[in-house]
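A short write-up of the structure that comes next.
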């Protein structure tokens with residue numbers, strides 16, 4: 001059995017590989033068609049013009065679904081490992097809520113392009129990266145609270161390092177974007193897909209785009225830390241048959257005829 005076949009480790013693996021592929025494929029398509037500059041465009045710029053916009057949208061929608069599945073399994077795992085610790089249970093619920101909000105933001109990014117509905121796109125980015133960073137913070141705190149009984153200190157330090165990487169990327173992107181769009185370097189820069197290195201604001205633009213790519217891959221790196229944890233968990237689907245037909249069954253027969261139909265590991 002391969003390492004990614006153990007338990008549910010295929011979930012975070014699929015999330016990371018698929019999300020990275022969505023960025024890379026859209027980037028390659030946009031470069032080949034000369035829709036953006038080859039040197040570090042915004043991720044959103046690589047999903048602005050068809051056909052890469054279609055590819056970008058559908059792949060990120062699938063990523064958001066994989067993200068929700070991964071976060072839910074993580075929630076169930078933490079709950080099962082700490083059934084009587086109220087503080088951890090509360091933080092775990094908060095983490096799940098934040099994670100689902102972040103995935104919803106990713107759907108907004110995928111379906112509302114930057115050059116068409118900019119402000120809605122920005123809302124999606126804030127949900128994805130802003131709320132997503134808070135989700136990472138909650139999970140890092142949970143990792144701290146669960147050591148050393150549940151796992152070693154190493155995983156906490158790794159997640160804390162990735163969290164700091166993410167935080168520094170957010171700060172860098174925010175400052176450079178504020179400087180870039182402050183009006184000092186012209187207007188309508190949101191619609192600008194091609195930059196000349198001699199233009200004013202080019203340095204701020206590059207810092208902003210590099211920070212965005214760094215932020216995206218810091219998120220993916222955080223989910224890589226789930227792989228070892230997910231190797232130790234599996235799901236069981238249990239389907240109960242309430243009667244021998246699909247017609248309405250009297251309530252008195254339900255308990256008598258309830259039969260276990262399927263019980264297997266997935």
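A Cβ is built for glycine as well, from the same backbone N, Cα and C atoms used for every other residue.
When the ranges 94-112, 246-264 are checked against TrEMBL, the one recorded as transmembrane segment is 94-112.
Between the stretches 55-73, 74-92, TrEMBL puts its transmembrane segment entry on 55-73. Count of Cβ pairs under 8 Å against the transmembrane segment (12-35): among 94-112, 118-145, 202-227, the largest is for 202-227. A Cβ distance under 8 Å defines the sequence-distant neighbours of the transmembrane segment (157-182), meaning residues of its chain 6+ beyond its ends; these are 129-130, 133, 136-137, 139-140, 143, 189-190, 201, 204-205, 207-208, 211-212, 214-215, 218-219, 221-222, 225.
Beyond its flanks by at least six residues, the transmembrane segment (118-145) meets 44, 71, 74, 78, 85, 87-88, 91-92, 94-95, 98-99, 101-102, 104-109, 112, 151, 155-156, 159-160, 162-163, 166-167, 170, 190, 215, 219, 222 of its own chain at Cβ-Cβ distances under 8 Å.
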